[in-house]
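Engineer: Pasting a structure here, questions to come.
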Amino acid sequence: MRINIADPVFQTTLFIIFFALFVVATLKRDTKPYEMDHGHTDELKGVAILMVVFSHIGYFLFADTRFLFPLSIAAGVGVNIFLFLSGFGLTSSELKVKKTWKEFYAKRLKTIFVPMWIALALILAMDYFLLGKTYELPVVIKSFLGFFPVADIFTSINSALWYFTFILFYYLLFPIIFRRSQPLFSAFVMLLLGYLVTRLTLPVTKDLLQLYRTHILLFPLGMAFAWLNEKKPGVKFQEVLLKVFHTSLLAGVVRYLIVAGLLFVFGYTAVHSGVGKGVTAEQLSSIVTMLVLIAAFL
């Protein structure tokens, strides 16, 4: 049952005001500006989580979809950020320290499976004890193995876990495909395999397969960005600004203006997302939205 809310536009305005004040009040000085370090990737993950949560609240929890608009429209961008950062993180790690297949699988699969198992066990327990709801044994077994072929918010154990199967595909392929000496070629091969696999008749719903196809570019794109990040593009851009404007004050002002422009583009492309115009239009719009946000963090 969805929740009805009085005057959703006014309630959304209030929420945005208090949310913005909270963000401003908790701002901290960047210790490593112009670099895509762990701090920045964690911040981006936080933004991505909020995008997905706001979308699910606005479109599925409340009856009037005007509530939380426009905060509720960027779930696809949030998914893109997670996939991008997964490809970026795995590649950055491998470029620094080479791991064997056994070391990679032992570390990475444990990292994603154990939290999923805990969350899944809690969900099943709450469904049973609070709602009296149970699931067929084959569905439960597939879920614990990481296979979620359906993403229905009303019938699935947890519809958001469709993402787990998708990212597991990349985690299983990564140590086989990736070559430290050829990171860009490795990213291209990963993209090609993703494209070919999503053109097969997979044992998932049609809508879920469409989601896979919409997001196949992002993990390989993150791999490619990890290679670029080794060259510290944010730092080099700051050096260019200092050479052009001669003082750190002017360079800082120009940089903030550029960030403001990027955030404007982010907002515009998020609202004009290309939804309903086909996979290609949706994907390109979502990727542009994500990239300008990432650029703003550098």
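Just so you know, the numbers here start at 1 and follow the chain as drawn.
Glycine residues also receive a Cβ, built from the backbone N, Cα and C atoms like all the rest.
Please treat TrEMBL annotations as automatic predictions, because they have not gone through curation.
TrEMBL feature annotations, pasted as is:
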| type | residues | note |
| --- | --- | --- |
| TRANSMEM | 6-25 | transmembrane segment |
| DOMAIN | 44-296 | domain 'Acyltransferase 3' |
| TRANSMEM | 46-62 | transmembrane segment |
| TRANSMEM | 68-91 | transmembrane segment |
| TRANSMEM | 112-131 | transmembrane segment |
| TRANSMEM | 151-172 | transmembrane segment |
| TRANSMEM | 184-202 | transmembrane segment |
| TRANSMEM | 208-228 | transmembrane segment |
| TRANSMEM | 240-266 | transmembrane segment |
Engineer: Using a Cβ-Cβ cut-off of under 8 Å, list the residues of the same chain that are 6+ residues beyond the ends of the transmembrane segment (240-266) and lie near it.
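Structural biologist: Tertiary neighbours of the transmembrane segment (240-266) are 288-289, 292-293, 295-296.
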Engineer: Could you give the residue numbers and ranges of same-chain residues that sit at least 6 residues beyond the transmembrane segment (184-202) on either side and whose C-beta is under 8 angstroms from one of its C-beta atoms?
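Structural biologist: Cβ under 8 Å, 6 or more out: 87, 91, 169-170, 173-174, 177-178, 209, 212-213, 216-217, 219-221, 223-224, 227.
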Engineer: Counting only CB pairs under 8 A, let me know which of 6-25, 68-91, 112-131, 151-172 has the most with the transmembrane segment (208-228).
Structural biologist: 68-91
Engineer: Please work out the mean pLDDT for the residues of the domain 'Acyltransferase 3' (44-296).
Structural biologist: 89
